[in-house]
Structure formats: structure tokens, C-alpha cells
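Just below is one structure, and these are the notes that go with it.
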Amino acid sequence: MRWSSISPPSLAVLLLLRTASAFYLPGVAPTDYNQGDPVSLNVNRLTPAVIASTQQVESLISYDYYHEYFHFCLPKGGPEKISESLGSILFGDRILTSPFELKMAQNETCKLLCTQTHDSRSAKFTNMRIWQGYNLNWLIDGLPAATLTSAVGDESTQFYSQGFALGSLTGGDGDKFRQPVLNNHYDIIVDYHRIPGRKEKPFRVVGVVVQPSSKKPKVSGDKKIADCTVAGDPVQLSESGNTEVTYTYSVIWMESPTAWATRWDKYLHVFDPRIHWFSLVNSAIIVIFLTGMVSMVLLKTLRKDIARYNQLDLNEDVQEDSGWKLVHGDVFRPPMNPMLLSIFLGSGAQIFFMTGITIMFALLGFLSPSGRGSLATAMIILYTLLGFVGGYTSARVYKSFGGESWKKNILFTPIFIPGVVFGTFFFLNFFLIWKGSSGAVPLWTMIALICIWFVISLPLSFTGSWFGFRAPAIEAPVRTNQIPRQIPEQALYLKPLPSMLLVGILPFGAIFVELYFIMSSIWFHRVYYMFGFLFVCYGIMIITCSTVTILMIYFLLCSENYHWHWRAFFISGASAFYVVLNAFIYWLSKLSLGGLASNVLYLGYSLLIGFLFFILTGTIGFFSSWYFVKKIYASIKID
Ligand SMILES: *[C@@H]1O[C@H](CO)[C@@H](O)[C@H](O)[C@H]1NC(C)=O
């Protein structure tokens, strides 16, 4: 964790945690070694990387390391699966054992791995992957093998980027004459740390860099000893015949002063920390501006309104002429389709708390990058457990709307949103299966997910609903008239679409820089860890959503339009439209995806994220407006 990137309050909490506890979280305890102890080298899937010349990604499909067309050397007895967390599997990690033999603090030069034969079909496949810039992902003692890179324009600061190249392109100037070359030799440079003063098992792995290269090694007669020093031609896979490839590796152990606890720091390079501060200041200004405006409206105008209305009531002959008081007999009329709205609000509350708690955990350092997929696992577990909150919210809201089909409400609350998410996921999974990608979620994981949902989430949600229906309905402070009022002609900015576009952009503005980094972490496989910023951004987004929605609802009521329920949900939720639009622009500018599957996957996931974001922000907007409307109508006297 880099201290510079964390906000002061979280830093304080973190320091407290660090100093108060010498315990390690499960799965992330250090492994200690004696000299010569075997160190595990496991292989993960191959992922597409950013192409240096264009700064774009050309594919989203990942492949199993032991995909039949790659012909990498197999360990004796075949590769074995390494157990992983649910989140890690869902996010596409497939970790298997490898034939590499690493011994702590023992250098090796040019060890022969095996010789494999590529036929023309597998050569075509592999060459294509080299063109698309695929990376190999290895894990050595749980640490991803990295490439040493430096920032563009700043060669002095070096940092690790995960993975290293499958191959490279050589020769020629134009793309036409360049040839893909397969890397068949790996220089594995492992940094180890010696714990001062310790006799037994003093060594720990603290850094791994792999420098791959392509050369034809000289293999001596008995095929056991290879010589990597000969400067042979690079290995090009022939697409018209068979090519023999000999794989070799060297291991160089370097002593390092880096302590185990900080071994992830080099991976967590902040590309430009200023941009985060800039965005934070930017969103803070939005929030100050908005809260200023809202408090002005609330404190000045409303107080004046309330005083005036209460005075008007005293001298009865004065006619009420305009303003929000006129709609007091309609404003608490239940909305159209109360069932759907309460289901949305139930799931929205669930997503709201899930996101908040996950970010908080991450901020406190519980979800470190070393626990692979821990973020996703935490989210799934939290969403499941928060089924109670979802059921309760949905039931209570539905009851307050005077809904009567409570059985339907109880049943659909835990089914609707998870159903949409799971359905989309299932559909997109077919594209991964079709492409032979390792990213496809295995059937067993799917079944496990459904089981978790049936056994834990569903009963919890039902229990929550039961409590929700038992709880008293939220009473309106004023009575609702029998006959609905006529709604006068509305100003343009209060019409549904313009008001949505107007309001939605502000919460989006509060988060879009962080969103950019989250997206590059998802699509470019970079580690995201700036949870301090994310936490503040989430708070700012919540405040922005509620204030700006309240403001718009106030204007709406002033123009005697009392259909505020769905409107509040939609204007706040409209920020999801900008999130999807942003994803679309990202698609055009940062990705040049070849093939149908990658494009469908990208758009599918973007729409899914947009939908969840819509539910989340809509819920925030609705509840704050509800609170506001109740407050202002409770404060006026009505005969
Ligand atoms: C391994 O080789 C490198 C470079 O040749 C050297 O600096 C290092 O000390 C060696 N490590 C061990 C444990 O012998």
C-alpha cells in the first residue's frame, strides 16, 4: 500500500491497524524458506495487454495457459488446479501448476524445459495472439511475474506491470513486413529478502520480474543440457509446416532490502496521482456548489413559503395562488406500478450497502491485491447477506404505497435484479465458451452461485420481507384527496427527458475519473487499490445524487406536478446513462476489439454495470426526495 495515495483519515485507521496488530489475514500470510527450498511457480491464464504503439487493447478474451494450441511444457503427471476463491474464478483466474523448478537463493542458468512441436494450425493461433499482444501471467510465491516498465516521458521511475509478453514483432518498418516471434526463453529474476538475525527459514520472496526472449538454444546430444549463450535466430512459428520449439529458463536470485509487507508497492504504481486530486477537488466543488444551492432553497425559499402558507390559512379569504402547497392532496398518492418501484428500491438498498461496506473493507486493507479476487468474493458474500435489507426495504415501501399483492412482492424482490444479472452473465458466458476462452465460468461455479443464492440469500430476503410487512407503514403527513388534480403545462426543463439529462450529469461528474481507473483495471488487468479516493468519491456521489434530486423535485412540486416518485428515481438514475455513454466512448478510443465475442462481451458488461448503477443512484435519489417531501409537507398547516 502506498501511503501517498491514501486520504488522511484512512491513513490514521490503517496506521492503527498496522501497529495494533501483528496478525495476518488468512491466505496472505508470508511463506518462509530455507536456502534451496522449492518455491512454487504457478501459471495463470493468458490475457491481452495494452499494445505499446497504439495504447489500445485488441481483445478481451483470455486463454488457459495449457490451451492445446500454445504447446507450453506440461509438468510431470499433468497440471493440477490450485484452489481459488469464488471471486477469483468469476474474474477469470485459472491457476495451475507448472514444470518450472525454482529453489530459494539458488541461481540456475539455461535449464532445459522441453521441446514441443507446433503444427500450422497452432502456429496460426499463437501468432495471432502475439499480434494481439497477449501476456503470460505467472505467480511465484503468490506474486505475479512482472515486466519492468517506466512511465512514458519519465524513464527514471520504474515500476512493475503485471505479466510479460508471449512474443514480439520483429523486422520491417510497416506492419506488413513484421513477423511474430515466440518467446521461448525466460530469465526469471526473483528478489528475495533475508530477515535479519533469523536462523531458521530466513528467506522470503519479495519481487519477481521475467524477461522473456526468443532464441534457438544449442541442445547437446543427450537432449539434457542446453546452451543459451549462442545468439541464434529468433523462433518464428511457420504457418505452413511444423516448427520445433525448445523452452529454456534461467533463474537469478537477487537479495533485496524490500520487506515482505511492502512487496506489492511496486505493482501499485500511480500513473498520475495529480489526476486523482484534481478529480477530488473538482467533485468537491460540485458538491459545495450543490449543497449551497439546496440549502439556499431549503432555508430561504422554503422557510418563506412555509411562513406564507401558514399565514394564508389564518385569513381564509385569500386564495392559494401557486406553489408546492397546492398539491398537498396529491403528493402522497401512491405512484404508478408501486410493485416495480419497491422491488427496485429493495435491490437498490442492497447494492448501496454492499458497495459502501466493500469499499470500507478495502480501505481498511482487508481486501489486499494479494488475496486474489477477494474484492469480488466480498461483494458476492455481502450482497447475499444483505438480502435481508433488500426484502425489508421492498416490503416496507410497498406497504407504505398501499400495495396489496404482498406475496408477489416477497417473491419478486430477491428474484428480479439477481435474475437480470445472472441471465446476462449466463448469456455472455456462452460467447466465452464459444471462443474457447478460459474466462468462461465453469458449470460448477455457476451451480455453486445458484446454491448460495437459494440457500442463503432467498431465505434472508423472505425474512426481511416478513419484518418489513410487520413494521408500520410510513405514514404521509397530509391526507390524499379523492380526485386527482389537473397538472398544468410544464416548463421544458421539467419534462422527463430534459430533467433526467440535466440531473444525471452531476453525480456522474463526481465519479468519472475514478470510473476511468476502475475501467482500466477491469479491461487492462491493472491493480486497482485507490480505495481512499474511491471512498470519498462514493460519499460525494451520494450527496450529489440526493441534493440535486431534491432540488429538481422541489421545482417539480412548485410547478404543481405531483408525480415525483418515479421521477425522483429516474432523474437520479439517469447518471447511469452517462456511465454507459462513457463506456461507449472508452470503447471507441481505448479499445480496438477484433471479433464479435469481445465486442459483445464489452457492451454486455457495460450495460449490466450501467443497469446496476441506475438502480443504485435511483434509489439514493428516491429516498432523499421522499424524506424531503415528507419534511416539507409536515411543516405546513392544512385544514
Ligand atoms: C545470482 O546471480 C546474480 C548475477 O549473476 C548475482 O548477483 C547473485 O548474487 C546470485 N545469487 C546467488 C544467490 O548466488
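Note that Cβ sites are derived from N, Cα and C of the backbone, with glycine treated the same way.
What TrEMBL records for this protein:
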type	residues	note
SIGNAL	1-22	signal peptide
TRANSMEM	277-299	transmembrane segment
TRANSMEM	343-367	transmembrane segment
TRANSMEM	373-398	transmembrane segment
TRANSMEM	410-434	transmembrane segment
TRANSMEM	446-469	transmembrane segment
TRANSMEM	500-524	transmembrane segment
TRANSMEM	530-557	transmembrane segment
TRANSMEM	569-588	transmembrane segment
TRANSMEM	600-629	transmembrane segment
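The transmembrane segment (530-557) makes contact with the transmembrane segment (343-367): 3 or more of their CB pairs lie within 8 A, with pairs spaced 6 or more apart in sequence. Beyond its flanks by at least six residues, the transmembrane segment (500-524) meets 49-50, 57, 60, 275-276, 278-279, 282-283, 286-287, 290, 493, 530, 533-534, 537-538, 540-541, 544-545, 548-549, 552, 570-579, 582-583, 586, 590-591, 602, 617, 621 of its own chain at Cβ-Cβ distances under 8 Å.
When the stretches 373-398, 446-469, 600-629 are ranked by Cβ pairs under 8 Å to the transmembrane segment (343-367), first place goes to 373-398.
Residues 61, 339, 342-344, 346-347, 387, 390-391, 394-395, 440-441, 446, 449-450, 453, 457-458, 461-462, 465-466, 469, 596-597, 600-601, 604-605, 607-608, 611-612, 615 of the same chain lie 6 or more positions beyond the ends of the transmembrane segment (410-434) yet place their CB under 8 Å from a CB of it. Counting only same-chain residues 6+ beyond the ends of the transmembrane segment (600-629), those with a CB under 8 A from a CB of the stretch are 60-61, 331-332, 341, 344-345, 347-349, 351-352, 355, 417, 420-421, 424-425, 427-428, 431-432, 503, 507, 523, 541-542, 545-547, 549-550, 553-554, 557, 564-565, 568-573, 575-577, 579-580, 583-584, 587, 591, 593.
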